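Have a look at the structure below, then the notes.
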Amino acid sequence: MREQLYSLKEQALTDLQPQDSLQAINDWKVKYLGKKGELTAILRGMGALSAEERPVVGQLVNDVRDALELAYGEKEAEFKKAERNKRLAEEAIDVSLPGRAISVGSEHPLNQLIRDIEDIFLGLGFTVVEGPEVEYDYFNFEAMNVPKNHPARDMQDTFYITEELLMRTQTSPVQARVMGAKSAEARANGQEHPDPIRIISPGRVYRRDDDDATHSHAFMQIEGLVVDRNIRMSDLKGTLLTFARQIFGESVQVRLRPSYFPFTEPSTEVDATCHNCGGTGCRTCKGTGWIEILGAGMVHPSVLELAGYDPTVFSGFAFGMGVERTAMRRYGIEDIRGFYQNDVRLMQNFKSRM
Ligand code: PHE
């Protein structure tokens, strides 16, 4: 039986050497060490041994099994290592390859323009304030010198929430809100007069309009308001000229045309020389050389008074411009609806500025 065990060990070890895969050594293990394997077969014959011989041979069987398992373990480790190295080589990442670019969105052109305009006015000492889009009739109209039944209301029909609450038709109510807040503050502090004001206010406004290439029922405006002692029309013109030159270029001229707004007196329409032809006349400016950029005027004394500013002490100017119209001109967009359709093909043109 000893002979049998020794030769089994020799044969098994010799047999293991040429095996060249995990699968092959597993077959080998089953053949020699498995339940139906050759070592187990020898073990079964132990019943025939004497009581003295049995522990000795038992020990020998264990030694042979240990030797075979050790040999198997070494071989297995070899294969596993080779397999892992192969996988590592296959899965290696070339960190020197350029990455795949992620497509980054861009700020909406209207917001870009608003930010640029804010920057210009911040540079002139203005601060930026915002007002609510759902507004009281009082601030949107009455405080702006448009009482109930005033004919000027027809030009700015809008969406009503209740009799007294509406979607604001203009950013001008922010004027009344800011002046009202300042004079309340002054009263609370026991000041004789409220503080001067220099603000701009961008935001969305609403009108009952049929949407087409140049109209939208919701659009953006930027309001401007300056109230102080001795504010004159020349301050308005100088401020708007400075603004127009920064937005449209240094060679731009502005002109004021008489106009009418209920909350300014006198009122004016402000034109800038056509950015396309420089003022000589072309298709863009319909041959006039000028393009209207905003409405403005000197704050009406009634508006000052209603908001708690003494019109014999204070004067001011205000302006309101349409953001879309300015953006259409600046970016050469011909249909206002392009701003609202979220078409990435259009928006992608404004990426560089992020
Ligand atoms: N609120 C006016 C409009 O929407 C524009 C404007 C603002 C005119 C301030 C004068 C002064 O048409």
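Glycine is treated like the rest: Cβ placed from N, Cα and C.
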TrEMBL lists coiled coil for one of the ranges 9-36, 65-92, 149-176, 205-232; which is that range? 65-92
Tertiary contacts of the coiled coil (65-92), defined by C-beta under 8 angstroms and 6+ residue spacing from its ends, are 9, 12-13, 16, 19, 21-22, 25, 28-29, 32-33, 39
Does DSSP put Glu265 (Mg(2+) binding site) in a helix, in a strand, or in coil? strand
